[in-house]
Structure formats: C-alpha cells, structure tokens
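Chemist: Heads up, here are the entries from TrEMBL:
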{"type": "TRANSMEM", "residues": "12-29", "note": "transmembrane segment"}
{"type": "DOMAIN", "residues": "81-296", "note": "domain 'ABC transmembrane type-1'"}
{"type": "TRANSMEM", "residues": "83-111", "note": "transmembrane segment"}
{"type": "TRANSMEM", "residues": "123-142", "note": "transmembrane segment"}
{"type": "TRANSMEM", "residues": "154-173", "note": "transmembrane segment"}
{"type": "TRANSMEM", "residues": "211-237", "note": "transmembrane segment"}
{"type": "TRANSMEM", "residues": "276-296", "note": "transmembrane segment"}
Amino acid sequence: MNNSVFRSKRFLFGIGYFIVLLAASFFVGQHHDLFFSEHQTLIMNEKGEIVKETPFDPWTAPPFGTDRQGNSMFFKLLDGARFTILIVFSICAIQMVLGILIGGATAYAPSFIRRGIEQICQVYLYIPTILWSIVLMMPLMVQSGQEGYRFSLILYQCAVLVCVSLPPLILAIGKEMQWMNKQEYVISSRLLGAGTLHVFRKHAWPYMRETIVVLFLQQVVQTLILLIHLGFFEIIIGGRMIKTDILTGEASVHPFVNEWSSIIGLSRDELIHAPWIALSPLVMYMVTIFVTNAMIEGMKGSGKWRMYSVLNNK
C-alpha cells in the first residue's frame, strides 16, 4: 500500500475539515441554550421605531443571516452538521461493506451468475437514484407528517439510501476484483495452491485498500448530492414536527434535527422573500462536496493510480 497517497495535502486538509466541522457541531449541540435560547427578532433605532424584523439578512447578521424565529443560520447549520456528516458517513460505510462482500463474491462466482448480476447492475445505472428514493420514501413521508418523529423512519430512510446507490458500487468492486484475478502474480499464487481467502487477504486487499477509500469518498459525494435533491422534494430525514407560536398562534413546520437537507426542504417558500434561509445549507453542501472531491484528487495525484471503477466514467 502506498502510504504517500494518504499524506497528500489535499487529503489531510479534508480530514482536518471534517474533524473541525464535527467538533464544532458537537460543541454547539452540547451548549444548545447558549446559541439558541435568546432570539433577537426586532432592530430599533434611537427613537424606538422598528427598523428591521426577522428574518435578518446576511449583511445584518453575518455570515448567513437568521431564520424567522431569530436563530442564527450559521449556528443552526453547525448544529446540523453532525447529523448530516455522520448519516452520510454511516450510509457510505454500510455501502462499502456490502459492496465488498457482494462484489467480491460476484468476482469469484461462476461466470453465468457473474454475468447475470452485472447485467442487472448495468440496467440499474440508467434509472436515476433520486427516482428510486422518491418512490420508496414519499409514502412514508406523508404518513410521518401526521405521526411525527419515528426512529423506524430514520432506519428505513437510511436503508433506502444504502440500497439505491449499491448496484453501481457492486459493479465497480466486482470489476476491480476480476482485474486483480487476471494478474500474473495472482495466477501464480493459485498454481502454487493458494486458496481464495489467501489470495484476497495477501493480494487483493492490499491493492484494493486505496481503491476502497476513493470509492468511499465518491459515495460520500453522491450521497450528499442525493440528500440535496431529496430536500427539494421535502423528504425530511426523521420526519417533521409542527410548532405553534404562543403569542400569535401560528403553526409552523420544523425538522426534528437541523440536518441540512431538511432545512432546504422546509425553507423552499423562503426563496423569494428570504433566500439565504434555503441557500445557506446549499453553501455548506457545496463546500463539503468541494473538499471531498479535493481529497479524491489528492489521492489520485499522489502516484500511479489505476481504477476500473464505473463510477469514474459517469
């Protein structure tokens, strides 16, 4: 394994970005009252006249302004970062485990089984993952709007997100394994009596480790993009809740957690009057995707790199 791949400045910068973002998010979450207990909803001049009222724009309350309740969008996004990042990382980690198991089994399976699985996965590439996600999630989202938060809903949503992006990953890892099995040193090892487990442990896995990390980061990017799309369709991770203002009696819909795509989904109507409420989560998504892509390019640019992955050809 070429350790220099993981020592590139862009890769290390990305690691630092995620560590700092998660640390800040947990800090804001642990001191929630410090950042969200007091809300300034009005700005008055010296005469006591109301100059501005919430939501405040980014010029009045930098860097991202406030929502209609007076909450700072910056701290709101920091609070939700841990949910977004950990959900995405968990989904992609499960995808990688399943992809390695199924893709590896496919590579060593009889040819007719391998061809059948590959054909199914290739057909799946022509169906947008967002379409599968909407079809599978939307009915439960309608129900969750009436019942509120359910942990089983989160598990179901995560299971859907794992499955919709799994076939391309199985195909990619299967192709990598097949390429590995055709190499002379693997063939020689088999001729000397090595079994499948020995070949995988001694030859395939050391080669695949770098590839697995790149595939994982690619899946992170794709899952982040998928969450953005789901947000615009108001598919909220964990469901939503309805809060009633004590003073005005007005009811408003809120996500149970400040996950970024949830903020986007429930802020679509603000695009005209207070666009920063819906666009600030997009900025965080863009920065995170940019950093993740920089990590991938940093790994690929650190030395010789060969990757059969069909994900690179999209």
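Glycine residues also receive a Cβ, built from the backbone N, Cα and C atoms like all the rest.
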Chemist: With the transmembrane segment (154-173) as the reference, find which of 12-29, 83-111, 123-142, 211-237 contributes the most Cβ pairs under 8 Å.
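Modeler: Counting Cβ pairs under 8 Å, the winner is 83-111.
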Chemist: Residue list, the transmembrane segment (12-29) vs rest of chain: Cβ under 8 Å, 6 or more residues beyond ends.
Modeler: 6, 35, 75, 78-82, 85-86, 288, 291-292, 294-295, 298
